[in-house]
Amino acid sequence: MKTYLQLLEHILQHGVEKSDRTGTGTLSVFGYQMRFDLAQGFPLVTTKKLHTRSIVHELLWFLRGDTNISYLKENGVTIWDEWADNNGDLGPVYGKQWRSWPTADGRTIDQLSEVVQQIKSNPDSRRLIVSAWNVGELDKMALMPCHALFQFYVANNKLSCQLYQRSADVFLGVPFNIASYSLLTHMVAQQCNLDVAEFIWTGGDCHLYLNHLEQAQIQLTREPLPLPSLAIKRKPASLFDYAYEDFEFLNYQSHPAIKAPIAV
């Protein structure tokens, strides 16, 4: 995962100081891309320990079309707690947009189901896109989508995925996002009887919060360890039928966790 460390270093060297919605302040660069060959290992950051349980359960929660944190709480995941209302609701965030995007005529569109079917029936399509950036519902969301849009691509019987992340909390958020979308790529590939190729991460406003700079510098002193591999233990009937127990990260070694405050 030297690629990720290079992004940390790039921001520390070239970032400009900016104000932000949370009032914390950031060092920021605009426009950055990282590529991960999924055949060479699963891209879990090894220079600090990641909570893989949160990564897997959050993705399963998105895939359920759920926007209430009760499922996450039941499974020991707290990463959305700060944004939920008193009933645990977040408004029409990722899961709602992925699975039931509302149309002007009162229908809803299951973007993910449609894309999986398109990959199977028309793998050369250039329209294999899922968007969470629903302009008409942004003001109802507890947090507007940071990872806003992703696109699949099939070549040589292998599946790639590219994510566009308009706002990237590089120390806390991006390691989760890389792992989450890499996991999704593996799952979609399995459902479509494809091998995996690349996960490509493209960031817009890529930033380190000013109260994360010391933590980023600590991480840069650590030598990356070999990447783990992902085992998917069964192939369920659909993309939406996976369970937490279906996934195992084999030989995940990491340096200790590094604590950092969340900017709300």
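In case you wondered, yes, glycine gets a Cβ from its N, Cα and C as well.
Swiss-Prot annotations:
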- C146: active site, nucleophile (ACT_SITE)
- R21, R126, R127, R166, S167, A168, D169, N177, H207, L208, Y209: dUMP binding site (BINDING)
- H51, D169, A263: (6R)-5,10-methylene-5,6,7,8-tetrahydrofolate binding site (BINDING)
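A Cα-Cα distance of 13 Å separates the residue listed as 'active site, nucleophile' from R21 (dUMP binding site). A263 ((6R)-5,10-methylene-5,6,7,8-tetrahydrofolate binding site) and R21 (dUMP binding site) are 9 Å apart (CA-CA, integer value). Neighbours of D169 (dUMP binding site), defined as other CB atoms within 10 A of its CB across all chains, total 23. The (6R)-5,10-methylene-5,6,7,8-tetrahydrofolate site in the record is lined by H51, D169, A263, and its two most distant CA atoms lie 18 Å apart. In space, D169 is the closest of the binding-site residues R127, D169, H207, Y209 to H51 ((6R)-5,10-methylene-5,6,7,8-tetrahydrofolate binding site), judged by Cα positions. In terms of Cα spacing, the binding-site residues R127, S167, H207, Y209 that come within 10 Å of A263 ((6R)-5,10-methylene-5,6,7,8-tetrahydrofolate binding site) are Y209. In the shown protein chains, 29 other C-beta atoms lie within 10 A of the C-beta of H207 (dUMP binding site). The most densely surrounded of the binding-site residues R21, H51, R127, judged by C-beta neighbours within 10 angstroms, is H51. Those residues noted as binding dUMP (R21, R126, R127, R166, S167, A168, D169, N177, H207, L208, Y209) have their most widely separated CA atoms at a distance of 36 Å.
Around Y209 (dUMP binding site), the same-chain residues six or more apart in sequence whose CB sits under 8 Å from its CB are D20, T22, T24, G25, T26, D169, F171, A260, P261, A263, listed in sequence order. Cβ environment of S167 (dUMP binding site): C146, G204, D205, H207 lie under 8 Å away, each six or more residues apart in the same chain.
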